[in-house]
């Protein structure tokens with residue numbers, strides 16, 4: 001029987017930055033200030049988890065956004081537009097990243113429980129290595145540590161490709177995909193896990209897919225969020241998630257269930 005020996009965590013929206021607001025705010029500013037195009041929160045969030053330059057391309061490719069661009073500039077967007085917007089995105093993101101490194105409630109306790117079981121903690125992200133030079137130390141100062149980090153810069157392609165997971169497995173000496181759980185809060189996270197053939201687990205509360213700040217979430221009764229949570233669960237399951245958990249605190253029990261299922 002192959003028990004789970006490695007958990008690969010996403011960063012923003014899963015481990016830190018409740019609601020995944022650091023990149024959201026930067027994307028909104030870039031489209032508004034750089035190109036004069038207002039995009040919705042939903043449009044900005046939909047491609048979350050991708051390498052950030054790919055995220056910009058994905059938003060520009062949305063029919064409504066593409067139509068606005070063509071109406072404003074009388075042409076299609078091109079690589080130069082993407083490069084200019086990405087430069088502006090980095091400026092906005094780097095200015096605020098340090099403020100979005102607080103661990104999401106339950107993460108520190110859950111990671112401690114996994115480590116007690118001898119489980120290694122790897123990580124993947126849509127952030128670049130330079131961005132993680134801010135995020136990782138900020139999170140570590142608040143108690144969150146991983147055993148390994150892989151950024152899109154280190155592999156042939158970022159999410160939803162499986163390469164960052166595979167590199168984590170090599171770095172952590174985990175020989176089988178059956179021994180790995182990928183945990184994330186975006187559709188790109190789910191697909192990354194599915195494409196790697198590992199166990200793919202989605203987290204709802206605090207996620208980009210839910211798109212709610214911690215303050216807003218705590219200001220309303222839990223039952224008022226059930227409809228939105230149901231929508232998020234359905235999207236994650238449709239993307240191929242093996243399990244969708246309400247919070248990260250449910251992860252140890254989920255891993256136990258996987259181990260027992262494998263034994264059966």
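Using the three backbone atoms N, Cα and C, a Cβ is placed for every residue, glycine included.
The structure displayed is predicted, hence computed values, not measured ones.
Here's what Swiss-Prot has on this protein:
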type     : residues    : note
ACT_SITE : 10          : active site, nucleophile
ACT_SITE : 52          : active site, schiff-base intermediate with substrate
BINDING  : 10, 12, 185 : Mg(2+) binding site
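Where Swiss-Prot records a feature, it is marked here on the structure.
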residue: 10; record: active site, nucleophile; DSSP (3 states): coil
residue: 52; record: active site, schiff-base intermediate with substrate; DSSP (3 states): helix
residue: 185; record: Mg(2+) binding site; DSSP (3 states): coil
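Taking the Cα atom of each, residue 185 (Mg(2+) binding site) and the residue listed as 'active site, nucleophile' are about 8 angstrom apart.
Contacts of the residue listed as 'active site, schiff-base intermediate with substrate' defined by a Cβ separation under 8 A and a same-chain sequence distance of 6+ are given as 23, 86, 89, 90, 93, 126, 127, 128, in order along the sequence.
Cβ atoms within 8 Å of the centroid of the Cβ atoms of 10, 12, 185 (the Mg(2+) site) belong to the same-chain residues 11, 13, 14, 15, 17, 20, 48, 49, 125, 184, 186, 189, 207, 208, site residues excluded. Around residue 10 (active site, nucleophile), taking its Cβ as the centre, 28 other Cβ atoms fall within 10 Å, counting all chains. When other Cβ atoms within 10 Å of the Cβ of residue 185 (Mg(2+) binding site) are tallied across all protein chains shown, the result is 32. Shown in sequence order, 20, 22, 23, 100, 125, 126, 127, 135, 208 are the residues of the chain, 6+ apart in sequence, with a C-beta less than 8 angstroms from the C-beta of residue 12 (Mg(2+) binding site).
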